[in-house]
Amino acid sequence: MSSDEEKYSLPVVQNDSSPGSSVSSNLQEEYEELLRYAIVTPNIEPGASQSSHPKGELVPDVRISTIHDILHSQESSPVLSPRKASHPVMDFFSSHLLADSSSPATNSSHTDAHEILVGDFLVSDENLQKMENVLDLWSSGLKTNIISELSKWRLNFIDWHRMEMRKEKEKHAAHLKQLCNQISDLKELQKTFEISIGRKDEVISSLSHAIGKQKEKIELMRTFFHWRIGHVRARQDVYEGKLADQYYQRTLLKKVWKGWRSVVQKQWKDVVERACQARAEEVCVQISNDYEAKVAMLSGALENAKAEIQRMQHEKEHFEDSMKKAFMRGVCALNLEAMTIFQNRNDTGVDSTNNKKEEYGPGVQGKEHSAHLDPSAPPMPLPVASPLLPSPPAAVGGASATAVPSAASMTSTRAASASSAHVPVSVLGAGSAATAASEEMYVPRVVTSAQQKAGRTITARITGRCDFASKNRISSGLAIMGVSPPMSSVVVEKHHPVTVQTIPQATAAKYPRTIHPESSTSASRSLGTRSAHTPSLTSVQSIKVVD
């Protein structure tokens, strides 16, 4: 590094030293010109010396002025000259020497201009002395300037050299430190490589030792297996001989056993067949006796059941007849009582209904459904224009099941002679205490007659009671055959007539909805079938009232 920098720095110093030689040559030329101008003695004519004397007096002043201008130009040139300070070596030449080198050119130009004038006059001793003094001053100033510049250049060069040496030392120290770090890293790497090589050597030695042991083991196993194979083959030969002997003996035993079995099997088969046949005959006789006893017992029970069924059917018919008679008596009594009660109000009812009919006209029938289905109506029996209603899912007795078809047939026969008006039934509800305490259902009926006058209604409550306590023993058997317990009694209660009646109710009572016989018979059939299959106490009847 340092040698390369010296190679690059030496040519610069040599190039800078070249202006020194040019400066010295310029100074020498300037001295020669000054000496030439000072020594030259011009040829002066004697006649013209006096006339030109006053001019000669003026010449030294001109020379002196020119010399002073030269000195001033020399002194001012270091300040005005451009500096090219780029290197410490160039400071000396750029400050004063280059300025001094430029001054002779200017002086030469001035001297050339005044060469003719100066050459025409004589140089006196005083002028020479002044010239000498000026030259001494100039030379001494030049000397001091050169020495000072050289000393400055020397000091600058020393400082620059020190700085360069310091930089080189720092670079050298950093490079040396880097090399030391690399050496330490290489040493550590060498140690790790040595350790790894040692481990590899150990692994190689252990593997070679293990391989040797494995080879020895393989040789031992080979010899052992060869011996074992020979031993197994010898044992196999012995075992095969034993198996052959055993097989031969077993075949002989099988032949002997087959001969003995063929002889013994015939006798044993006959004995077993006789024993099995005797046992089967005994079992068959015992089973036939048991089944005959069971058939006789079941046939007796069947005869008893048939007799019981016939007896209960006779009882059922008897109770149905009595129920029909009692029901018809109660209905007739209710009709007579109602007719006598409402006989006084016939005229008033007819007038009121006629007036309402004229006011509403044919729109009254459209209001029937609203009056029938109005839930805000007071709890009084409302006539509902509907076909024959089937009973709700409640218990219906045997007597009530027969009463419904009779009422339906009575309605159909009366409809042919009368106005064919069907009596609607409105179910208001039953008491909760009656359903919890005893098995009684109360179904109030609203009965209207098509042949009666308007405003005549009959309200009746029919209650049916059945006594299940005496029939608990046979209730389960009778339920299977579809026979319901008989009704014990029918109670017909009388109620006070309803005097408060709305206009739609009165209109519905006067003009009830007609029903075809087919729908009434189908409804009665469905009601009869349902009451026959469900053990219910509640029944819905359609009653036709005759005047």
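Cβ atoms are placed via backbone N, Cα and C, with glycine included.
Summarising the annotation, Swiss-Prot assigns region 'Disordered' to 1-27, 347-383, 509-547. If you look up Swiss-Prot, you'll see 114-145 marked as repeat 'Centrin-binding (CBR) 1'. The annotation repeat 'Centrin-binding (CBR) 2' is assigned in Swiss-Prot to 203-234. Under the heading compositional bias 'Basic and acidic residues', Swiss-Prot lists 354-372.
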Same-chain residues at least 6 beyond the ends of the repeat 'Centrin-binding (CBR) 2' (203-234) whose Cβ lies under 8 Å from its Cβ atoms: none
Number of helical, extended and coil residues in the repeat 'Centrin-binding (CBR) 2' (203-234), per DSSP: 32 helix, 0 strand, 0 coil
Local confidence of the prediction over the repeat 'Centrin-binding (CBR) 1' (114-145), expressed as mean pLDDT: 75
